[in-house]
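A quick write-up on the structure given underneath.
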Amino acid sequence: MEQHLKSIPLQDDTKKKGILSFFQNTTTVKSNKFLTKEKDVITLDDPKEDVSGPMIETVKQETMKSINKECADEMKTTPKKANAEDKLLCYKNSPIQSTKYDRNTNKQVPNGNIIAIETKSRSSSPCSKRELSSSKKEEAKREKELKKQQRAEEKHRKELLRQEEKKKKELKVEEERQRRAELKKQKEEEKRRKEEARLEAKRRKEEERLKKEEEIRLKEEAKERAQSRIGNFFKKLSDSNTPVVEKSDYEKFFLPFYAKDGVRVSNKWKLTKVELEGSKRKIDDELLNSKDKTSSDDLLNWLQSRRLPRGHKIKRKAVDVLQQMPLKEKTDDELQSLLAQVPHKYIKFYENVRPPFIGTYSMDFTLPPNDPFSTKGTGFNYDYDSDVEWVNEEEEGEVDNLESGEEEEEEEDDEDVPSEGEFDGFLDSEENSDLDGLPCAKRKFVGPLIPTICLKSNFENLSEENKRYLQQLKAEVIIETDGPIDPFKEPKTSSLPSKRSNSDLQAQTASQSQSPEKKQKAMITDPMDLLRLFDGVQDSTFSLGTVTEIAQKNLPQYNKQTIKNTIKEYAIRSSGKGDLPRKWVIKDAQNWENLRANANMPTPSL
């Protein structure tokens, strides 16, 4: 402390007031004097003058009080920068007001300029300042930490309030959103119910309308069917002025379906337009309203539950009915009712000529998915074509007329008109009923037939009845000729007279003159159309009706009856012996080639 006092000069500062400003008379330090250790006094003007006496103690105490007070004030404002040295500098630089004392009388002398400060009292001041400064610092530090803690608590409290306010606001927004969603859902549900009610009413109206239309259509079909039956007895004159309505390709290839008597068209999977729209809208609503995975799974399960199983379980089999048939306590009506419970099959294909299969089928088996055409364990044989053995080529003319929409000419049955010499054999058998004077009676066989061999050497030992029977089975020569027959030469024309008598010729001439003139059949005469017909018929394995329909698609200007007559006239169907299929073949191949040569058409590749 004393060293600092030696090194600090006294500076002149007239603007700042010192700690001794409470004295009345103030003097400004004009000289820069230093504090000396030997005298321990502050010399201002006259170094010889000094102050002593009891007033020095008073001045010292008052000075220390002022210094302590000023230091305390400065510590409150700037606690980090205040220290003992600064206080001394403040004390040094402040203007000093002094009072001069008389040495001898020890009285105060006005306007004095010497102040004496004892070294002992001055040396005790820095320690108290340091302690005061450290205590102030600690107190200030505690106050600072306390304020910091208070600020942190205040901040935490505000944060909690803010979060609570935010949660309340979010809860309010969520409640508002749920309320709006519930209101929207109620509106959609109400709208859906109204839409379903509207669709249901519309569907009922549509069903009633379709029912009325179906009744009207059935009445019209029955009326047209009756008119067509009546119209078949009369020949309708063709009107050349009637405009021909050309059909589109779709109408030519896809003919309208005609339900026969006893046939009902199934509409199990048929939905009206209104029902289809309602079903689609229902599924769309389920998909749109499902927000979580659970709803989606429920929808998938619902769709799978709507899938119908394949096939139907057979409740009663034909074997069970057959086992109950020998029982005597069952009546015919009961057996018929049991038989009606067995499922029946009606199988018909477009290409087949023979009637469709109608019967029971109760075999229970499952086809393998990797080989659905397998016939193992089924008893089926797809290689066998039962249609080949069917020879009857009669067609249902009524159905064909209804499908084609044209009124065809009535086909005359050529087989009803006896041909020339057709009944000669029957007349001969009647005339020659007695062979060798013995009646020819039909033999009746009772029991199974046993094959036997009869040699010619034993012919005389047979009975007369067996002789007559074997006489009918003997071989006869058709053409009597001498020597071998050369197959590479033309046979000679025989000039033998006709076996038929003149009376037979006269009777035939008379019968022809009496019979009415035979009606000529309508056939195709255009060479180009004939060539197109022959190309489609040659080597075809279809029946006559199917070939006629196929040819009519290529020749729509002719009706079915005309095409059928032309096919019968120019083509014949092979017998199909063995494994060979029955094919249509043109009778006169040379005529076919001549037509092709005249038309300059290339030969089709077979």
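Every residue, even glycine, has its Cβ placed from backbone N, Cα and C.
Within the list THR58, THR63, THR272, THR509, the entry that Swiss-Prot describes as phosphothreonine is THR509.
Of the listed residues (THR78, THR242), Swiss-Prot tags THR78 with phosphothreonine; the rest carry no such note in the record, though that does not show they lack it.
In summary, of the candidate residues SER94, SER125, the record from Swiss-Prot lists phosphoserine for SER94, whereas the others have no such entry there. For the coiled coil (128-240), the model gives a mean pLDDT of 86.
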